[in-house]
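Before any comments, here is the structure.
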Amino acid sequence: MGKLVAIILSAIFVMCCGSQVMSDAIDHRYKAGDLVPLYANKVGPFSNPSETYCYFDLPFCSPDYVKEKKETLGEVLNGDCLVSAPYKLEFRIDKDFQVACRKNLTREEVIQFRTAIKRDYYFQMYYDDLPIWGFLGKIDRLGTAVPNDRFFLFMHIHFDIFFNKDRVIEVFARMDYTHAVDLVDLTEDRELLVEFIYSVNWKETKIPFEKRMEKYLQSSLLAHHLYIHWSAIMNSCITVLILTGCFVTFYMRVLKKDFMEHTYNEVITDDQEEKGWKYILGDVFRYPNHRSLIAAVLGSGTQLFILTILIMILGLVGVFYPYNRGNLLMALVFIYAITSGIAGYSSTTFYHQLEGTNWVRNLLFAGCLFSGPLLFTFCLLQTVAISYKANAALPFGTILVLVLLLTFVAFPLLVLGGILGKNSQTEFQAPCHTTKCPRDIPPLRWYRGVLPQMALAGILPFAVVYTELYYIFASVWGHRIYTIYSILFVVFIILLIATSLVTVALTYFQLAAEDHQWWWRSFLCGGSTGLYIFGYCFYYYYARTDIHGFLQTSFFFGYMACICYGIFLMLGTVGFLASFLFVRHIYGSIKCD
């Protein structure tokens with residue numbers, strides 16, 4: 001059944017998102033002498049992966065006819081800018097010191113190249129779907145003073161290409177600077193005549209075409225990386241098992257005793273007045289404040305939970321293959337739009353159970369609760385990207401597609417789900433009657449406040465994902481590849497269990513202190529892990545990366561704030577539902593007359 005669901009999801013994704021193939025040859029088969037398409041993609045500083053520009057934004061000499069690759073929505077969202085490169089690499093044709101073009105560089109163009117070399121620019125190309133990287137130049141440090149540095153632009157690219165029969169298997173690009181013509185000195189501001197040269201060397205290999213992408217997985221599957229992953233998972237499992245054991249022991253010794261007292265209707269004298277969680281059975285199911293808002297956050301959290309599950313299923317079946325992050329971004333956009341109906345249905349159903357009347361306002365809350373801040377952040381960051389003329393600035397056509405998708409897919413599904421939820425016959429059935437007058441909450445110590453409880457609740461779930469966070473961050477905001485979705489799925493399951501157990505435990509202690517306002521508290525405690533992850537962002541930014549500049553910094557903290565907010569909503573919903581089921585169980589197990 002699970003495989004069938006995965007196949008269906010993959011088929012839907014391919015139909016919605018289009019083909020994954022970037023090459024002009026659909027079957028990737030070529031004859032000797034056939035021109036295999038080589039696309040120049042983007043350039044940018046190596047330490048700022050989100051700050052990229054089109055390849056020909058730098059003054060490279062362009063071919064006579066620049067052919068732009070028709071890109072998918074995901075590739076545009078990923079900042080790709082695929083155009084035909086000036087190098088012609090025919091299948092199985094060796095070349096040596098072939099001149100691609102000659103160009104007179106002006107003083108301004110020399111300064112532009114020198115600035116790029118100073119910022120450690122790299123380039124990316126695609127040859128028959130295979131990624132190629134290289135640096136633009138190098139800096140020779142001739143002394144301790146900066147004015148003594150000399151800047152050299154690489155002029156000679158050497159391509160080593162491996163083939164198996166009629167298919168391209170591997171491609172490597174290295175900057176050859178063993179000859180005088182391979183480098184040009186850009187230290188001085190003067191006009192230069194330069195030649196862009198390339199060489200091609202074809203070699204045969206026995207690696208089958210089906211395994212040609214496996215080498216890009218090796219960095220994720222190295223033995224020491226796998227050891228770190230599985231060691232972290234084992235530690236998390238042991239922690240969760242200990243926590244589960246403590247919870248079961250507590251349930252058997254304490255709660256079972258309370259259940260037995262009410263089952264046999266023991267006589268309680270005046271000096272044996274009920275205390276703890278049994279004392280507030282007439283208030284524990286009193287509706288929370290801001291019913292429309294809590295229903296909206298639960299609906300939005302449910303949608304994000306389903307979105308995460310579907311993305312992981314697609315990752316497990318191999319949809320997101322290496323170096324095609326466009327598929328992941330495209331899947332996020334389409335699945336978020338499709339699951340909008342889940343947010344509408346979940347929100348209005350719960351709002352209806354809480355006897356809410358203004359379901360339209362509740363539906364708008366559910367639709368805007370996550371997408372509103374995300375769109376606001378998107379607009380701000382687009383403004384920054386436009387001012388930098390970076391690839392991250394989406395073209396008007398792409399923005400129009402996103403607007404139409406939200407308007408004609410997400411919003412109608414949200415309304416449809418809301419109507420179905422409104423007309424559902426599900427009623428809220430509390431195991432205990434709610435009294436007319438709420439009981440006063442006794443004074444509580446400072447550590448039982450909302451903020452201390454949230455700080456306590458997020459520690460263990462954050463510890464579960466701490467190790468995996470580095471690899472995810474290094475993939476999203478760096479150049480590392482993340483493909484171990486099986487490990488990520490296991491960590492996600494452990495995270496859900498840890499969040500549920502911790503939130504349930506804190507909810508019980510809150511009820512034992514005769515504080516019946518547990519609804520919002522359970523949600524906030526469950527979602528507090530998102531705040532810890534956002535705090536980790538600052539540590540990662542300052543200690544683990546070389547990210548610099550306003551563009552990259554704003555993108556990093558802007559989008560990570562939205563992601564952590566989504567995690568807050570999702571885990572808050574998980575914590576609330578776990579606490580809700582626990583509270584219903586314990587109060588349903590005692591005599592509430």
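Every residue number used here counts from 1 along the chain in the order it is shown.
Cβ coordinates are placed from backbone N, Cα and C, and glycine is handled just like the others.
Positions annotated as signal peptide by TrEMBL: 1-18.
Annotation comment: TrEMBL describes 227-252 (among others) as transmembrane segment.
The transmembrane segment feature in TrEMBL is assigned to 293-323 (among others). Here the transmembrane segment (293-323) has long-range neighbours at 5-7, 9-10, 13, 20, 131, 213, 216-217, 331-332, 335-336, 339-340, 342-348, 350-351, 354, 356, 362, 365-366, 369-370, 481, 483, 485-486, 488-489, 492, 519-520, 523, 566, 569-574, 576-577, meaning same-chain residues at least 6 beyond its ends whose C-beta is under 8 angstroms from one of its own.
Summarising the annotation, TrEMBL assigns transmembrane segment to 329-351 (among others). Distant neighbours of the transmembrane segment (329-351): 13, 16-17, 72-74, 77-78, 291-292, 294-296, 298-300, 302-303, 306-307, 310-311, 314, 319-320, 359, 362-363, 365-367, 402, 405-406, 409-411, 413-422, 424, 426; these residues of the same chain sit at least 6 beyond its ends, with a Cβ under 8 Å from one of its Cβ atoms.
Residues or ranges marked as transmembrane segment by TrEMBL: 363-386 (among others).
Per TrEMBL, transmembrane segment is recorded for 392-416 (among others). Counting only same-chain residues 6+ beyond the ends of the transmembrane segment (392-416), those with a CB under 8 A from a CB of the stretch are 50-52, 73, 76-77, 79, 333-334, 336-338, 340-341, 343-344, 363, 366-367, 371, 381-382, 385-386, 551, 555.
Here TrEMBL flags 454-473 (among others) as transmembrane segment.
Cβ atoms under 8 Å from those of the transmembrane segment (485-511) belong to residues 229-230, 232-233, 236-237, 239-240, 243-244, 247, 276-277, 280, 284, 308, 312, 315-316, 320, 448, 453, 456-457, 460-461, 464-465, 468, 472, 518, 521-522, 525-526, 529, 571, 574-576, 578-579, 582-583, 586 of the same chain, restricted to positions at least 6 beyond its ends. Residues or ranges marked as transmembrane segment in TrEMBL: 485-511 (among others).
Annotation source TrEMBL lists transmembrane segment at 523-543 (among others). Distant neighbours of the transmembrane segment (523-543): 294, 297-298, 450, 453-455, 457-459, 461-462, 465-466, 469-470, 473, 477, 495, 499-500, 502-503, 506-507, 553, 556-557, 560-561, 564-576, 578-579; these residues of the same chain sit at least 6 beyond its ends, with a Cβ under 8 Å from one of its Cβ atoms.
The feature transmembrane segment is assigned by TrEMBL to 555-583 (among others). Nonlocal intrachain contacts for the transmembrane segment (555-583), taken as residues 6+ away from its ends with a CB within less than 8 angstroms of a stretch CB, comprise 50-51, 284-285, 297-298, 300-302, 304-305, 308, 369-370, 373-374, 377, 380-381, 384-385, 392, 457, 461, 477, 495-496, 499-504, 507-508, 511, 518-519, 522-531, 533-534, 537, 541, 547.
Packing against the transmembrane segment (454-473) from elsewhere in the chain are residues 220, 225, 228-229, 232, 236, 239-240, 243, 480, 482, 487-488, 491, 494-495, 498-499, 502-503, 506, 524-526, 528-529, 531-533, 536-537, 540, 544, 571, 575: each is 6 or more residues past its ends and has a CB under 8 Å from a CB in it.
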